[in-house]
Amino acid sequence: MDNNEILLANPRGFCAGVERAIEIVERALQRFGAPIYVRHEVVHNKFVVDDLRAKGAVFVEELDEVPTGNTVIFSAHGVSQAVREEADKRGLRVFDATCPLVTKVHIEVGRMREQGRELVMIGHKGHPEVEGTMGQVKDGIHLVETAADVANLQVADPDKLAYVTQTTLSVDDAAAIVTALRERFPNIMGPKKDDICYATQNRQDAVKFMTPHADVVFVVGSKNSSNSNRLREVAELRGVPAYLVDNAAGIDPAWIVGKRRIGVTAGASAPEVLVAEVIERLKALSGASVRNLDGVPEKVTFPLPKELQEAR
């Protein structure tokens, strides 16, 4: 099979928020020792979670699973005000690994509600980021998942309305929902800057750039990763078969039969070591060479909590 090629999307994999969240857990373990409790998977990637668990992190879904006097870390997806209050009441030592770009949305929600506006949250029901963002206020916030949902929205005052979005949505889907909102509520207020984060946008753009040149696309990421699922959808919407795989073992050789150009990308919570393993497996199956595609360089970094900045 001559001239087979593996196309590597750029950028791909870890974003600044994920790197920060993982480092918070690792530094807390170094500084305070195991166990360190983490509310929800710190990022949605099985490999990362299993690795941190092996180092002494204990993942829980609710704070009542954390013994009094222990340390708890909030995941990158953010938490509601009720969770913060519960941690405070319990006297737990808290490190907040919420992505700063999610925190930005939390601040927007609080500010808009203080101005007396009702809010529309564009996002996926049940996703922890959505639950955390909607839980910034006690009432006056509605969830919309599709443009069709907009028609059923019941609001008190159409002129006192604002919207925010989950940070990991499909850029195109979110734009369609915003268009529907503006058509129905012309005076709706949006965020000064789009809530969909730079990493989500860049990774989706990289897949759009890659798909015209690819016969099949592999997205390295876990099934519960919102941004990874969106990358798969972006490829599929452009008529290219796409598969979400946790690792190299998830690849079915039948998927690349007759495919000369194989695209590879990774979600924002997928480590590069898994991408490397996927590439090696694809090379072994297809005899393909690897070509790195051009993309937007990312130089974003987020500071760690002060108490953990010195921990090594």
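Every residue gets a Cβ built from N, Cα and C, even glycine.
According to Swiss-Prot, the protein has these features:
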- E129: active site, proton donor (ACT_SITE)
- C15, C99, C197: [4Fe-4S] cluster binding site (BINDING)
- H44, H77, H127, S225, S226, N227, S269: isopentenyl diphosphate binding site (BINDING)
- H44, H77, H127, T167, S225, S226, N227, S269: (2E)-4-hydroxy-3-methylbut-2-enyl diphosphate binding site (BINDING)
- H44, H77, H127, S225, S226, N227, S269: dimethylallyl diphosphate binding site (BINDING)
Subject >> Greatest C-beta neighbour count within 10 angstroms, which of the binding-site residues T167, S225, S226 >> reply: T167
Subject >> Distance, S269 (isopentenyl diphosphate binding site) to the residue listed as 'active site, proton donor' (CA atoms, angstrom) >> reply: 14
**OP:** Pick out which of the binding-site residues N227, S269 has the most other Cβ atoms within 10 Å of its own Cβ.
**Re:** S269
Original post:
For N227 (isopentenyl diphosphate binding site), which DSSP three-state class applies?
Top reply: helix
**OP:** With H, G and I counted as helix, E and B as strand and the rest as coil, say where DSSP puts the residue listed as 'active site, proton donor'.
**Re:** helix
Subject >> Alpha-carbon distance [C197 ([4Fe-4S] cluster binding site); T167 ((2E)-4-hydroxy-3-methylbut-2-enyl diphosphate binding site)] in Å >> reply: 5
**OP:** Sort out for me which one of H77, H127 has the most neighbouring CB atoms within 10 A, since those are the binding-site residues we care about.
**Re:** H77
Original post:
Near the Cβ of the residue listed as 'active site, proton donor', how many other Cβ atoms are there if near means within 10 Å?
Top reply: 24
Subject >> Remaining residues near the recorded (2E)-4-hydroxy-3-methylbut-2-enyl diphosphate site, that is with C-beta within 8 Å of the centroid of the site residues H44, H77, H127, T167, S225, S226, N227, S269 >> reply: V43, A76, E129, T168, N224, S228, G267, A268
Original post:
Taking only the binding-site residues C15, C99, C197, which one has a CA atom nearest to the CA atom of S269 (isopentenyl diphosphate binding site)?
Top reply: C15
**OP:** For C197 ([4Fe-4S] cluster binding site), list the number of other Cβ atoms lying within 10 Å of its Cβ atom.
**Re:** 26
